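Annotated features, as they stand in TrEMBL:
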type	residues	note
BINDING	CYS15, CYS104, CYS145	[4Fe-4S] cluster 1 binding site
BINDING	HIS182, CYS185, CYS206, CYS213	[4Fe-4S] cluster 2 binding site
BINDING	CYS222, CYS240, CYS243	[3Fe-4S] cluster binding site
DOMAIN	15-158	domain 'NADH:ubiquinone oxidoreductase-like 20kDa subunit'
DOMAIN	177-252	domain 'Cytochrome-c3 hydrogenase C-terminal'
Amino acid sequence: MRNKPKVVWIQALTCNGNTQSLLSSNASRFEQFLNQFELVYHPSLTHHTTLNDVLQSNASYDFLLIEGALTSNTQFLTLSDQSSTAIVEKLIKRSHYVIAVGSCASYGGVHAKFEHNDDVVGVQSVVGKKSACKSGHDTINLTGCPVHPEWILQTLYTLKAKGNIALDDEQRPIELYSHLAHHGCTRNEYFEWKVESKSFGLKEGCLFYEQGCRGPMTHSSCNKILWNDTSSKTRVGMPCIGCTETDFPRENMLETKKNIGIPAEVPLGISKRAYLSLTGIAKTFKIERLIGKLIDENR
Ligand code: SF4
Ligand code: SF4
């Protein structure tokens, strides 16, 4: 690949969150990206090239990044007087790699939930899992709402260096999505001993039993590659809402569905019966250290 691969970023039905996320990446990493890639077009970040310029040129692009869900219905969205689907179909043939940035671009996301938007879909529903891009590489899904900025950059750098990236069954890079949000969560000891957090925003307790935390069943490296190099939702006391999975967004995301007091969904890979036994045993222990405040100024 050339020294400075060309990147085109299209926005379809989106809240702009993935662009905001990219802009929140580590400053030196973003500078490195701008130095080592040529950002040819981004509707908010470039000014020298318009979308019409991109559409009318015959140039090839290394990376076509698509943020937001696609629709062929021009009553919902037009870009340069065309539907977002039509634009992507044209650009895919001139691009080496196609990357869906965020859960809306990957699966349709929140936009696809409205019944009157039955035409709203993710990128791979338009271009196929085996896309017709120039490299023949499968469509890459970078799920997340928004996707972590470092996941975007790591994917671009991997493709630049190696020419391909290994994907899981949902077309997500394995290196980034084989972990669970649960891995590296600072609340794991509370999870093991079934000590629930009393409310949002506290340092103490796990958020699984009452507050809907999806960390144990959500493929993401949020607690491995920290946000702002510092933290994550679960570290600050907000449950993981499973934004990297295909069923996102679900209803009532901040509560744990239960049957007879047992979470309806248990951590990945554990049978309900085994989980029930473990929970019963763990609950018989009363560990003072885990019941009190981590920092008790009155002590
Ligand atoms: S808060 Fe969520 S991610 Fe953290 S230990 Fe509990 S279930 Fe796991
Ligand atoms: S912790 Fe969960 S909800 Fe938060 S960004 Fe990661 S995958 Fe999404």
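Each Cβ is built from the backbone N, Cα and C atoms, and glycine gets one as well.
Positions of TrEMBL features highlighted on the structure.
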residue	record	DSSP (3 states)
CYS15	[4Fe-4S] cluster 1 binding site	coil
CYS104	[4Fe-4S] cluster 1 binding site	helix
CYS145	[4Fe-4S] cluster 1 binding site	coil
HIS182	[4Fe-4S] cluster 2 binding site	coil
CYS206	[4Fe-4S] cluster 2 binding site	strand
CYS213	[4Fe-4S] cluster 2 binding site	coil
CYS222	[3Fe-4S] cluster binding site	coil
CYS240	[3Fe-4S] cluster binding site	coil
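The 6 Å Cβ screen around ligand 2 retains CYS222, CYS243 from the binding-site residues CYS185, CYS222, CYS243, ordered by sequence position. The two recorded residues CYS185 ([4Fe-4S] cluster 2 binding site) and CYS243 ([3Fe-4S] cluster binding site) have their Cα atoms spaced 16 Å from each other.
CYS213 ([4Fe-4S] cluster 2 binding site) has CYS240 nearby among the binding-site residues CYS104, CYS145, CYS240, counting only those with a Cα within 10 angstroms of its own Cα.
Apart from the site residues CYS222, CYS240, CYS243, the chain places the Cβ of GLY144, ALA181, ARG214, GLY215, THR218, SER220, SER232, LYS233, THR234, ILE241, GLY242, THR244 no farther than 8 Å from the centroid of the site's Cβ atoms, the recorded [3Fe-4S] cluster location. Among the binding-site residues CYS15, CYS104, CYS145, CYS222, CYS240, the ones whose Cα sits within 10 Å of the Cα of HIS182 ([4Fe-4S] cluster 2 binding site) are CYS222, CYS240, in sequence order. Counting only residues at least six positions away in the same chain, the Cβ atoms of ALA12, LEU13, THR14, GLU67, GLY68, ALA69, VAL110, HIS111, ALA112, GLY122, CYS145 sit under 8 Å from the Cβ of CYS104 ([4Fe-4S] cluster 1 binding site).
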